[in-house]
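The active site, charge relay system annotation in Swiss-Prot covers T45, H48, and the record cites sequence analysis as its basis. According to Swiss-Prot, the feature Zn(2+) 1 binding site maps to C43, H68, E69, an assignment based on sequence analysis. Taken from Swiss-Prot, the feature Zn(2+) 2 binding site covers C98, C101, C104, C112. What Swiss-Prot lists as NAD(+) binding site is I180, D200, R205, L267, S268, L269, I292, T293.
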Amino acid sequence: MQSGKMKALMKKDGAFGAVLTEVPIPEIDKHEVLIKVKAASICGTDVHIYNWDQWARQRIKTPYVFGHEFSGIVEGVGENVSSVKVGEYVSAETHIVCGECVPCLTGKSHVCTNTAIIGVDTAGCFAEYVKVPADNIWRNPADMDPSIASIQEPLGNAVHTVLESQPAGGTTAVIGCGPIGLMAVAVAKAAGASQVIAIDKNEYRLRLAKQMGATCTVSIEKEDPLKIVSALTSGEGADLVCEMSGHPSAIAQGLAMAANGGRFHILSLPEHPVTIDLTNKVVFKGLTIQGITGRKMFSTWRQVSQLISSNMIDLAPVITHQFPLEEFEKGFELMRSGQCGKVILIP
């Protein structure tokens, strides 16, 4: 088992940015595994932490190592771990659940009452090594590219968002084409949606959405999404709306563009409470609204694995940049600019 020091990206104090430094390699307990990180992906949550915005100030306790999307090789296992072996190539579910609350005991551990998140509430993966509970391990095929393997967790968000509905044969609208929105476009197309409408203001990401399978892209700075969706659906609206932006105006538009009897799935995290027209946009339309959090453990991971292994989705276009961990600032500046898809850091 490894001991000594490792390089790691730390949030040292309550301020903008992060610091690359040396810290002790994590010591694992009897139920944990130690993983040597091969690739780590920057998530929108990591950008919130890097920016040190209101959410980060309220949630994050510094100093700590952040990052939660990764792939790597198991280098050590705790004394009570029999399900994971040294040398296995893995990724990890990032929600650490208690296994004792009512949701956990009734097959809904993705909404565990006592959830902790790797890289948010515990030390994360922007480092040479990370430790995780053995129960969170997901084994990867030996031939899977480490960068692809590192983005299975956010792909799981997209899969969960889209496949809680039955998009086949209908129209899916994806509002917000950040990396998870881009992956949701690919999932909807793979699931048989006849139309996948990608909506954003970022022309770079709308071009990526086309590569990911969008049948139509809508720039909100040039076009009216409601008119476009109405025209493409003979006035009926989208059967499924996936809200990924978190903007109040986008949420209102999403509810308005959903078809009567349709579904509105929201993964985004609005910064402030949002007022919606429940009477006209939800009740009278018979709309189903579903909040999406995390991934179902582990049925969503199985869907992710099968979508990748069957080549039903191509994730290559969404990974636009890779940097060594030492050049993390370039990666975070790209993420902050929006002129990228997924950015990968290599320790």
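Using N, Cα and C of the backbone, Cβ positions are placed for all residues, glycine too.
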Residue among binding-site residues C101, I180, D200, S268, L269 with Cα closest to the Cα of H68 (Zn(2+) 1 binding site)
I180
Starting from the Cβ of R205 (NAD(+) binding site), draw a 10 Å sphere and report how many other Cβ atoms land inside it.
25
Please work out the number of neighbouring Cβ atoms within 10 Å of the Cβ of C43 (Zn(2+) 1 binding site), leaving out its own Cβ.
26
Enumerate same-chain residues with a sequence separation of six or more from H48 (active site, charge relay system) and a Cβ-Cβ distance below 8 A; give 'none' if the list is empty.
W55, A56
Residues lining the Zn(2+) 2 site besides C98, C101, C104, C112 (CB within 8 A of their CB center) are V97, G99, E100, V102, P103, L105, S109, T113, N114, T115
What are the non-local neighbours of D200 (NAD(+) binding site), defined as same-chain residues 6+ apart in sequence with CB under 8 A from its CB?
I175, G176, C177, G181, L206, A209, T217, V218, S219, I220, S245
An 8 Å radius from the center of the C43, H68, E69 Cβ atoms defines the neighbourhood of the Zn(2+) 1 site; name the other residues of that chain inside it, in order.
A40, S41, I42, T45, D46, G67, F70, T94, G119, G124, C125, E153, P154
A correct count of other C-beta atoms within 10 Å of the C-beta of E69 (Zn(2+) 1 binding site) gives 30
